[in-house]
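Record features, source TrEMBL:
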REPEAT    1-40  repeat 'WD'
REPEAT    43-85  repeat 'WD'
REPEAT    175-209  repeat 'WD'
Amino acid sequence: AHGAKVHSVAWSCCGRRLASGSFDKTASVFLLEKDRLVKENNYRGHGDSVDQLCWHPSNPDLFVTASGDKTIRIWDVRTTKCIATVNTKGENINICWSPDGQTIAVGNKDDVVTFIDAKTHRSKAEEQFKFEVNEISWNNDNNMFFLTNGNGCINILRQVPLAAGYPELKPIQSINAHPSNCICIKFDPMGKYFATGSADALVSLWDVDELVCVRCFSRLDWPVRTLSFSHDGKMLASASEDHFIDIAEVETGEKLWEVQCESPTFTVAWHPKRPLLAFACDDKDGKYDSSREAGTVKLFGLP
């Protein structure tokens with residue numbers, strides 16, 4: 001897929017395409033055929049690593065990339081062109097698209113989250129946080145904004161409509177979720193739970209309405225870097241520097257499967273309609289050159 005390590009993989013809302021973003025400054029898009037991924041296009045333009053990407057929640061043709069070059073770019077797979085480049089204040093490391101498709105939130109290394117209007121491509125608001133912001137996400141109802149931080153907390157902000165312009169984000173709650181750095185967060189497609197992964201190697205599952213921890217998954221030994229719920233909300237994949245991806249049954253916490261890997265896994269993403277997991281590891285071209293990164297995207301669960 002790439003000439004260097006893959007930081008992020010994500011499926012389009014229809015599940016026909018998978019996008020990957022890499023340290024090699026490009027994004028790639030693949031079409032899902034019956035039993036394989038076929039590379040469709042490579043997207044060039046960023047001047048630094050593509051750290052995270054995501055698709056429009058309901059338009060299967062648009063995706064957005066966040067890069068260390070202090071820009072985000074919106075791409076259209078129909079024209080294979082960048083339709084917008086938005087300059088931001090810092091090196092971007094995380095990005096998410098609101099469920100209503102109207103806003104893109106991007107976080108940078110200086111813990112500033114910028115809210116960008118997806119239609120006008122202009123910045124609507126900026127929030128500077130006083131703690132390390134790791135991952136950001138709206139809830140499925142699109143009325144609250146969640147972020148995980150370096151103190152092990154989940155911060156929840158509510159959008160309060162303003163008469164003029166963009167709703168203000170008011171902090172409504174901070175949950176002490178983990179004893180150490182809280183790294184990633186994902187909402188399940190059914191809207192019942194969200195999960196967080198932490199440097200303490202635990203994944204915790206939270207009830208969205210009650211904001212209480214329902215259970216923990218503790219099979220990994222290293223900081224949990226990435227999480228994904230299956231399309232039906234029944235399975236949760238989590239990965240770390242352990243050489244396997246843990247696939248758990250959400251309702252019981254029991255292990256369903258382990259996907260063996262030869263190296264740390266940076267990113268996992270379940271397909272939006274079927275039990276198919278895309279992932280990318282810190283892989284090397286071991287046979288020929290152990291220093292060269294292979295940049296491979298992998299699929300698990302093909303028939």
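Cβ atoms are placed via backbone N, Cα and C, with glycine included.
Any TrEMBL annotation is an automated prediction that lacks curation.
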Discussion item. Based on DSSP, tally up the residues of the repeat 'WD' (1-40) by helix, strand and coil.
Written reply: 0 helix, 22 strand, 18 coil
Discussion item. At a C-beta cut-off of under 8 Å, are there same-chain residues at least 6 beyond the repeat 'WD' (1-40) that contact it? List them, or none.
Written reply: 46-61, 63, 65, 67, 69, 75, 77, 266-274, 276, 278-280, 282-283, 293, 295-297, 299, 302-303
Worksheet entry | Counts by DSSP class (helix H/G/I, strand E/B, coil) across the repeat 'WD' (175-209) | 0 helix, 19 strand, 16 coil
